[in-house]
Amino acid sequence: MPILALVRHGQSLWNHENRFTGFVDVPLTEQGRAEARQAAQSLKGLTFDVAYTSALTRAQETLAILLETIGQRIPVIRDASLNERHYGDLQGLNKADAAKRWGDDQIKLWRRSYNVPPPNGESLEMTAKRVLPFYDRAISGDLRLGKNVLVVAHGNSNRSLVMKLDKLSGEQVVELELATGVPLVYELSKDGEVLSKRTHG
Ligand SMILES: O=C(O)[C@@H](CO)OP(=O)(O)O
């Protein structure tokens, strides 16, 4: 049965600096690169046929380190549909400073609610509306062919995918936090139903 492994990129410079990142193309930190190697260790033993990543460097670099560490050369498809959610006017701001300015509840709403977009940015619902059609037209086709797929993307693009796979409601997804560099490995049936899910690492 096909395997779908979801990995959030390793720590980026702005994760480290606690800044809203979104579409801004920041690099990994040294810790982020170590997390990518760690993710690779926890995926050893699995063989992948194809990998998908976003148009952003932090995800692409995590994927490159991961594939090099597990020693697998496979086709890589890069697509902006898998980018982090656009954080609009919050991009670049320090999260603690933003919480002082707008209050913790408003920041939590912008960061984790399903359908409240930050000013000039995307809600999780809007993010899912570009991530999930891409999953349906590209990734699920590979899975249906029995291919093992590795996806290295972002906190909120991966939350969209987990929401679909785990059948989470808009209320349930509020509590879903994905750590950087920790793979989630799904085993799927040929028709895309989840047979098992494991956290590696
Ligand atoms: O800043 C961002 O782009 C994301 C991921 O780092 O942050 P959050 O976890 O607040 O959605």
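The backbone N, Cα and C atoms fix where each Cβ goes, and this holds for glycine too.
According to TrEMBL:
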| type | residues | note |
| --- | --- | --- |
| ACT_SITE | His9 | active site, tele-phosphohistidine intermediate |
| ACT_SITE | Glu84 | active site, proton donor/acceptor |
| BINDING | 8-15, 21-22, Arg58, 84-87, Lys95, 111-112, 155-156 | substrate binding site |
| SITE | His154 | site 'Transition state stabilizer' |
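Mapped onto this structure are the features recorded in TrEMBL.
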| residue | record | Cβ contacts under 8 Å, 6 or more apart |
| --- | --- | --- |
| Arg8 | substrate binding site | Val152, Ala153, His154, Gly155, Asn158, Leu178, Ala179, Thr180, Gly181, Val182 |
| His9 | active site, tele-phosphohistidine intermediate | Leu28, Gly32, Ala36, Leu56, Arg58, Ala59, Glu61, Thr62, Val152, Ala153, His154, Thr180, Gly181 |
| Gln11 | substrate binding site | Leu28, Thr29, Gln31, Gly32, Glu35, Thr180, Gly181 |
| Trp14 | substrate binding site | Phe20, Thr21, Val24, Val26 |
| Gly22 | substrate binding site | Glu84, Arg85, His86, Tyr87, Gly88, Leu90, Gln91, Gly121 |
| Lys95 | substrate binding site | Asn18, Arg19, Phe20, Ile107 |
Around the Cβ of Gly155 (substrate binding site), the count of other Cβ atoms that are within 10 Å: 18
Among His9, Gln11, Gly22, Glu84, Gly155, the recorded positions whose C-beta sits under 6 Å from ligand 1: Gly22, Glu84, Gly155
